[in-house]
């Protein structure tokens, strides 16, 4: 049974704080394993990759191939249905259009003292893209990670993916073909992340690594942060739905279950101002569950991490919504804009009754790689900026260094840095 | 003696690669110590802070005070010379002006299918600012970290700084007064970072932690990345100067030493196309060193990590410059713009003979918190964006979900996610 809270109850504040603070992230002690894997790949390179891939994925890289070729991706694209191909191409076009608008502007100006100053954005040289194998091998994730890198202008994208027993999802290859990915390595896990970060004889190192993965992949990225750039520390998916009684309970139930079905650690939370509607949604969830091929996962997630929170009104809800800082936030009310202006922390917001979160997972355009675990308090969804960096610049002349240089000399001397002071003072007339 | 390389030498490629790959970062095994400190602060809160501060900083928080008040900062500001006060105020005004232009634009539009989509930027609620004590207690760093947070609109800035034996640099307090910082805690080290991330009874948790620190502080930030946002993984400072023979060797020597004097692990590298100029700069460095109060540090850094690289011409130099991806890059040549267009990776670029890097450390406007250790390949200097995050949003209606919803249903079904498919399909007519 999911948690039920009522803001009128005396212990509500305590119970809600417990919900906010609950950690759903895997507590497995993978850290030490990952450290050992990174160390071995760094020391042994390709030989370590071949050994781990043989053991974990039952795929012999040297006998059965290290890579998937663009021709294989193209063949996969040709093999899928027209409906799916059209859907992937619509998704790619809309994701591209949305991300094109994220490209940052350079600046370059001369201020009143004659100092020229500004900033130039450039893409990273190479991005590594992790694509999970098995159940979570999602073509949509590939598009969401590869397209911002392409739009940023990254010239090399190296994709890694585990191919258990040599198998790989043809839809993923079709998506790779659409995204124009030409370098695909049949390695996965922490060892693949290590190879991308450090480089091996076969795999050249990259500058940024993005893409979802299991606890080992996430921990490898965390440990390598600083050696390379990474997208974010990702945790289980979550949705928060704010819905009034005018919604169809079946729709809201489906929305909640669309997160629950991802993983047993996923979380779905409903805020509503109507007790009868809360009951109706709970009932609709129970009715929908047996219809799902993902029933086992969804039922476990809903029972363990689901919550229905009854509030007096949505004015009361919004500060609570901000405390949860959810990855996905649906505002299924008459005037979603009024609530949206009160949102300070959320990964992505879905406005109104006709905007189910799942439409954003696939084809709407905004990125579906979003901060989880309350990290929307301080981080953003994946964007073109994750594949670019800014170089600031300055240019002074005799007049402008005369205008601002003496202050620099004074501060450098006060900070006890005489070479700093000299490098400016020598240039003053 | 600093390294001397000549691109005409047969072993140049190997020697240059060794320079690129050399790690200058502290190899001390601080990781385990930091893990223990974080764990104890999380469990014991203020009591752990009081104990560590007593042991490491010889300051009794409970007997001698936990905080520095705004009145104390104001008094410090009133106590410093007019010259220094004017210099700090000029710096603050110029840093503010530069960072104001970094504020991102929201987007909100309706596309051809009738889908409304966009993104809104909001500041984080609270930022933690680490300010080192002792030798590296720099008022300029305080301004460079606090002002972008202020410009972003962060309503709470919590500063932490160690006060060994209770002492604190009055210039730092004066800068805090100018920056409008009202919450200052007399704690430092990994324990202060832990307190900011987890919160204690006294110190409320923050969302982002920025600011320089020693190896323990840097490791604490690295370990807490994901619990909070951090600015970057910072290493020793570095400068790369590209200079032709028309420069005054004394100026270039001062520029190189302005990084060398920071720390024995700092690095200063000269690229030049003229062997006689290389010798002249080397001689000028030896002449300048005895004049510096920072001579011991600067001489060690220059001898251990300095390098003079002779190239045939600057066309040959630029790919090497990009491989080093330096924090600071001076282009002291006649046409710096021609070289700047070839720069792909650098934290900040200083154009022409009259733009010493040190002017950017203090008063020019761009941030002096920049990526080190080749991280300019994938990361940027500190900016307003480090204190903000983006929330994407979508709004569909019956028509627009009809236009793009079926593709989402097809992809969700292909990915084996039936609740995703249902949440869209139920809304299609």
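Here the Cβ of each residue, glycine as well, is placed from N, Cα and C on the backbone.
Neighbour list (residue B:327 (active site, proton acceptor), Cβ cut-off 8 Å, at least 6 residues apart, same chain): B:237, B:238, B:239, B:346, B:347, B:348, B:370, B:371, B:372, B:376. The active site, proton acceptor annotation in TrEMBL covers B:327 (among others).
Mapped onto three states, the DSSP output places residue B:328 (active site, proton acceptor) in strand. Within the same chain, residues at least six positions away from residue B:328 (active site, proton acceptor) with a Cβ under 8 Å of its Cβ are B:237, B:238, B:239, B:240, B:259, B:346, B:347, B:348, B:350, B:357, B:360, B:370. Look at TrEMBL and you will find B:328 (among others) tagged as active site, proton acceptor.
Summarising the annotation, TrEMBL assigns NAD(+) binding site to B:130, B:191, B:214. Close to residue B:214 (NAD(+) binding site) in the fold, though at least 6 residues off in sequence, lie B:132, B:189, each with a CB less than 8 Å from its CB.
Residues or ranges marked as substrate binding site in TrEMBL: B:237, B:259, B:262, B:328, B:361, B:415, B:420. Cβ neighbour count for residue B:259 (substrate binding site): 31 (other Cβ atoms within 10 Å of its Cβ, all protein chains included). In the three-state DSSP reading, residue B:259 (substrate binding site) counts as helix.
Taking Cβ-Cβ distances under 8 Å and a sequence separation of 6 or more, the neighbours of residue B:262 (substrate binding site) in its chain are B:236, B:237, B:297, B:301. Positions annotated as Zn(2+) binding site by TrEMBL: B:259, B:262, B:361, B:420.
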Fewest other Cβ atoms within 10 Å: which of the binding-site residues B:361, B:415 wins that one? Let me know.
-> B:415
Other C-beta atoms within 10 angstroms of the C-beta of residue B:237 (substrate binding site) total 26
Name, in order along the sequence, the binding-site residues among B:130, B:361, B:420 with a Cβ closer than 8 Å to any chain A Cβ.
-> B:361, B:420
Would you mind pulling the DSSP three-state label for residue B:214 (NAD(+) binding site)?
-> coil
May I ask which residues of the same chain, at least 6 positions away in sequence, place their Cβ under 8 angstroms from the Cβ of residue B:420 (substrate binding site)?
-> B:408, B:412
What is the Cβ neighbour count of residue B:130 (NAD(+) binding site) at a 10 Å cut-off, with all protein chains included?
-> 27
